[in-house]
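Copied over from TrEMBL, here are the features:
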type	residues	note
TRANSMEM	28-49	transmembrane segment
TRANSMEM	101-125	transmembrane segment
TRANSMEM	145-166	transmembrane segment
TRANSMEM	173-194	transmembrane segment
TRANSMEM	214-243	transmembrane segment
Amino acid sequence: MTTYDVHPEPHIVDSSQATAWLSGGWKLFMAAPAVWIAIGVVFAVIHVLLGLVPALGIVAHMLLLPVLAAGLLEASRIAESGAVPPFEALFAGFRHCTGNLVMVGLLTLGALAAIGAIAFVIVFIGGGTGAFSALMHIADADAAATTSGASIGLALGSILLAFLVTLSLLPPLIMALWFAPALVFFDGMMPLAAMKNSLKACLHNWLSITIYGILAFVLMCIVAITVVGLLVVVPLVATSLYLSYRDIFH
């Protein structure tokens, strides 16, 4: 496993690199498709099984996501070196920097909870308990006739505001999480510092990251049409993400 002695600072790359990350990721996948598909299937199965556990499954999913993501990135690093990544590379995050990777997930979970709390407060303050009561009676024609139109309008307005606030806060959180597992796993950065550095990198490279995101989304929609195509999604995201990390930070 390659590690770096100095914590990296992100630099700006040309927007054309977005296509290079995806094409390079595809080449890494095609060099050992069977291994990558096996890794992708196990990754997906783990998260599906976690999702079946009520309440705690969501928490476990968020805590383990950076750990398993680090394994995918380690497999990508091995593939880029010209070797075939071993299947057990998926679990590399359980052998190196595990605590800090879990902390990245915990910080992300805390941020999501904070965003949810902010949205709830906006709705509650904007409409109060009367707003919730009004919304609950909208489907009832008789009750709706007696429900204050102003209450319904206030409720809908507060919900819209909460939605917009949530929509504005989620992208920075995603950007903070984007490179964090790689920075923790490869560069030994502390969780919060890694998330700050990841956010900084995404903001500095907003155009290339945006182009990459759009292209990746389109490609995923195309390949997801078939079951076989779905097997490509996880490896392609992992390999292209690793290449973007290496390009921006090293």
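Easy rule for this one: first residue shown is 1, then count along the chain.
Cβ atoms are placed via backbone N, Cα and C, with glycine included.
Annotations in TrEMBL come from automatic prediction, not curation.
Between the transmembrane segment (101-125) and the transmembrane segment (28-49), fewer than three CB pairs separated by 6 or more residues in sequence fall under 8 Å, so the two stretches do not touch. Listed by sequence, the residues of this chain that lie at least six past the ends of the transmembrane segment (214-243) yet keep a Cβ under 8 A from its Cβ atoms are 18-22, 24-26, 28-29, 36-37, 39-41, 43-44, 69, 72-73, 75-77, 79-80, 178, 182. Within the chain carrying the transmembrane segment (173-194), a Cβ under 8 angstroms from the stretch's Cβ atoms is held by residues 1-4, 7-8, 66-67, 69-70, 73-74, 77, 92-93, 96-97, 100-101, 103-104, 107-108, 111-112, 115, 201-203, 209, 241-242, 245, 248-249, all 6 or more beyond its ends.
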